[in-house]
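> If you look up TrEMBL, you'll see 41-62, 74-91, 111-129, 136-153, 159-178 marked as transmembrane segment. Summarising the annotation, TrEMBL assigns domain 'CAAX prenyl protease 2/Lysostaphin resistance protein A-like' to 82-173.
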Amino acid sequence: MVALWCVPVIIYFLVQARKPQKTARDVCATLGLQPGTKRGYGYAALIFVVFFALSVGALKLLPTELLNSSGTTFGRITSIAAGIAVVLLAAGEELFFRGLIAGVAFRRFSFPIANLIQSVLFFLPHLLLLSVDLRFWPLLPLQFAIGWVLGWLRYTSGSILPGVIIHVLTNVLIGFMIS
């Protein structure tokens, strides 16, 4: 799954960096692969607290048997390998959705349109939760909201790194909670 998110980014980087008018640094900036601002990391801390609390609340809306059923792994961290997978998946999603999709969209459209595009595209694969069990629906509004807010953070900080930190921390902590 990580390759699914990273391969398009690598291809974009290689194609764009070959253009005479672009440098590798320019392409990295488009992808949000730069340090970001102190203010961005401050916003990230606040966003993390809010969305982690909302995530815990959304999980409490799910029936216990849903999270404990044998066919549902749902980000459980039961081994070091599972923990690494959770980290890489969250970082890969940020690289693809906030790096590539948002980075290109922010250059071509106004912020509201670009952020809506990347938020909807981030939301679509999360709809697959419903194919596991329709009772996962309480997580979906939160998935869209997180996508939108992380897009805003990417836009204001110029970097995907604050969003990567939020996404990784949230997924890892939730993964430990439900394991």
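The backbone N, Cα and C atoms fix where each Cβ goes, glycine too.
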> What does DSSP give as the helix, strand and coil breakdown of the domain 'CAAX prenyl protease 2/Lysostaphin resistance protein A-like' (82-173)?
82 helix, 0 strand, 10 coil
> Answer with yes or no whether the transmembrane segment (136-153) touches the transmembrane segment (111-129) by the criterion of at least three Cβ pairs under 8 A, sequence separation 6 or more.
yes
> Six or more residues out from either end of the transmembrane segment (159-178), which same-chain residues have a Cβ under 8 Å from its Cβ atoms?
31-37, 40-41, 43-44, 47-48, 51-52, 55-56, 59, 67, 74-77, 82-83, 86-87, 89-91, 93-95, 98-99, 146, 150, 153
